[in-house]
Amino acid sequence: MKAPPLRLRTQLKESHIKAAATTALATLGFFVLLGLFGNRPSSNFLERLLPSALVLALSSGVVAGISGYLSARRLAWRFDAMSKAADAWARGDFSAMAPEATDEMGQLAGRLNRMATELRDLMALRQDVATLEERNRLARDLHDTVKQHLFAASMQIGAAKALLPAQPELALTRLDAANDLAQQAQRDLTSVLQELRPVSAQGAPLAILLKGHVSDWSRRNSIPTTFESDELPSLSPEAANGLLRVAQEALANASKHSEATRVEVSLRRDDAGGVRLLIRDNGRGFDARQHRLCGGEGFGLHTMRERAQALPGGRFQLLSTPGAGCCIVVRCDSAARPARMDDFLGMEDAIRLL
């Protein structure tokens with residue numbers, strides 16, 4: 001356990017210093033009196049003075065000790081309250097507040113509380129941005145799939161109408177094509193709606209849902225795909241839903257940009273007891289480092305990174321080189337893993353930043 005910062009250690013020592021100083025002054029006063037009157041011949045005077053002085057010194061020591069104990073106890077309680085608030089912030093609960101006061105420690109608590117409030121506002125803003133980005137992605141997917149298929153179906157129906165009087169057989173062929181396009185649009189719309197449903201509402205474990213989505217994606221895009229999974233630790237609904245969304249976005253990117261002929265998806269328990277999601281393709285790839293340094297990270301990659309980093313202990317890794325395909329790795333903590341303070345800034349680091 002880390003020692004309290006220098007300022008707090010100083011405050012905690014002040015009460016003990018006060019107690020020691022009070023006792024020392026009382027004892028010093030006793031010896032001064034003893035020195036003043038110790039040479040007097042009157043033994044009765046010394047006999048009367050000595051018990052009173054001893055009682056005075058002893059009483060002063062007791063009072064000073066009680067006062068120091070109460071002061072130290074209050075400081076320890078305040079520091080404990082700040083630590084509990086920091087633990088709550090580490091778990092993502094920014095509603096917890098440290099007790100504020102007018103002294104130095106109280107002012108520090110006020111600055112930490114304002115930092116927690118700003119972090120809470122930032123998280124809310126990120127959620128709003130993610131919601132807006134999700135709407136834009138859905139609009140793009142509907143435009144690229146459902147709308148295009150329905151437009152093509154309407155063209156086939158128009159052609160069948162024109163051909164019907166003179167070439168009814170050819171008109172029926174066009175109508176069959178329009179029917180196929182309408183069915184494809186229906187499947188695409190069902191897929192989009194399925195993606196909108198959270199994992200908890202679909203009533204199946206994450207591995208089963210992801211396996212089904214990978215299978216459907218492979219069939220729609222005619223790309224051979226493998227899926228492997230372990231027995232996973234317990235995941236919160238938010239974490240499971242986030243991992244599924246990242247996988248869906250990664251597969252959508254692979255179908256649109258990678259020119260891959262094979263895709264591998266795995267969902268495994270990692271060495272730290274969390275979960276690791278991996279999506280790898282053998283497509284054309286790109287220079288991932290240069291791509292990001294030049295600000296070329298597209299909408300899909302940006303969305304995946306944001307989703308991954310919003311997971312409990314979420315980490316996002318992109319590996320790709322030109323001609324060698326692309327690999328996306330996402331890691332997150334399990335629901336059973338307790339929050340660790342070393343995942344966040346230590347108290348002393350936070351104080352230095354303030």
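Note: Cβ is positioned from N, Cα and C throughout, glycine not excepted.
Per TrEMBL, these features apply:
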type	residues	note
TRANSMEM	20-37	transmembrane segment
TRANSMEM	49-72	transmembrane segment
DOMAIN	73-124	domain 'HAMP'
COILED	115-142	coiled coil
DOMAIN	243-336	domain 'Histidine kinase'
DSSP-derived helix, strand and coil totals, residue by residue, for the domain 'Histidine kinase' (243-336): 34 helix, 27 strand, 33 coil
DSSP residue counts for the domain 'HAMP' (73-124), split into helix, strand and coil: 39 helix, 0 strand, 13 coil
Integer average pLDDT (0 to 100) for the coiled coil (115-142): 77
